[in-house]
């Protein structure tokens with residue numbers, strides 16, 4: 001079976017890596033600023049919640065990074081192909097473990113990607129495949145970090161503004177930083193998936209804009225609805241999250257996810273997927289994608305409606321009179337607009353619809369398009385291919401860009417596992 005030839009590392013990849021670490025540092029700095037403000041003002045509860053979100057997000061991201069660090073080095077020839085000096089901590093497992101325990105593994109991955117990218121792009125050294133490999137992992141880790149920290153923190157900041165009925169500069173900075181983090185994650189993650197397209201279809205600016213908008217327009221009403229509910233029944237928001245999170249984790253388990261290379265890692269992935277589902281759709285298995293998406297959006301729409309009705313019934317009519325009705329109408333309009341943009345993207349801007357897949361001589365004409373389109377995407381099975389391919393992101397890309405609802409051949413060796421939002 002032929003293997004796809006994927007894009008080489010370029011200055012755009014280097015630019016995204018640099019902006020990614022800058023965004024990470026700015027987001028982290030704004031978190032510390034907000035936490036300090038809460039502590040100095042005596043808001044110890046909100047301080048504890050914010051610090052808890054920061055710690056939880058960091059621990060989860062470091063755990064994924066550590067799991068992947070161990071998995072990659074079990075691949076035959078990985079160290080020889082990447083070179084011992086390409087990562088900041090190289091192949092020193094103990095040093096890497098210490099860095100991850102100190103919550104520095106994610107930052108070291110960023111620095112390693114920039115360092116390797118500079119060698120490849122500026123100095124024209126070898127190692128382009130590994131530089132791309134690092135950027136793919138970072139895009140996935142940023143996705144996890146965004147929904148473990150930025151989305152919950154955005155909910156918290158909106159809740160604080162509603163609860164106190166006033167907004168301070170630090171809160172606006174936090175909201176802007178969280179929103180920027182989510183926006184950059186969406187564009188960067190989608191761009192990373194695009195690099196796995198066998199036909200090298202590039203993401204046009206219009207496609208990127210539509211893709212960004214439908215994600216943002218669906219996430220924003222969800223976050224706002226949660227904040228509004230918390231502003232009137234703050235004692236129940238934790239119970240609401242735990243109940244839905246448990247249901248989502250069980251649903252991920254029932255779908256038979258197979259993303260990580262160990263049982264513990266897989267349950268960590270399912271728990272993380274449950275957290276992501278609390279805010280946005282994330283497909284985790286092949287098969288009837290459209291059906292699962294409809295079920296999810298129907299459930300989230302119903303849940304969001306219940307949250308808003310609860311807020312409307314328990315709100316302070318005098319304090320919220322000036323914006324309550326307008327806010328409800330705006331949230332409904334934004335959500336429907338997000339669904340419209342999502343439909344528009346899949347109908348007009350999805351790369352699989354831009355150009356038909358190239359059929360090899362001798363292939364049957366009735367072969368499913370999804371199978372043909374990704375016939376060359378080789379997934380690592382314990383050994384390295386002739387090209388250093390990131391199995392995790394290749395799985396995401398193969399499933400995300402295959403046609404929704406198409407059942408793949410169960411005997412195929414090119415099985416694609418989890419996918420995207």
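Backbone N, Cα and C atoms are what each Cβ position is placed from, and that goes for glycine too.
Since we're looking at a predicted model, the values are computed, not measured.
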According to TrEMBL, transmembrane segment applies to one of these ranges: 150-168, 169-187, 188-206. Which one is it? 169-187
115-133, 267-285, 362-380 - the one TrEMBL records as transmembrane segment: 267-285
According to TrEMBL, which stretch among 294-312, 389-407 corresponds to the feature transmembrane segment? 294-312
May I ask you to check whether the transmembrane segment (267-285) and the transmembrane segment (44-69) make contact, with contact taken as at least three Cβ pairs under 8 Å and only pairs 6 or more apart in sequence counted? yes
Of 44-69, 169-187, 207-229, 236-255, 294-312, whichever stretch has the most CB pairs under 8 A to the transmembrane segment (12-29): 169-187
For the transmembrane segment (324-345), sequence-distant contacts whose Cβ falls under 8 Å of one of its Cβ atoms, 6 or more beyond its ends: 207, 210-211, 213-218, 220-221, 224-225, 228, 297, 301, 304, 308, 312, 315, 317
Same-chain residue ranges lying at least 6 outside the transmembrane segment (207-229) that approach it to Cβ under 8 Å: 151, 154-156, 158-159, 162, 182-183, 186-187, 190-191, 236-237, 240, 279-281, 300, 304, 307-308, 310-311, 327, 331-332, 334-335, 337-339, 341-342, 344-345, 349, 351, 421
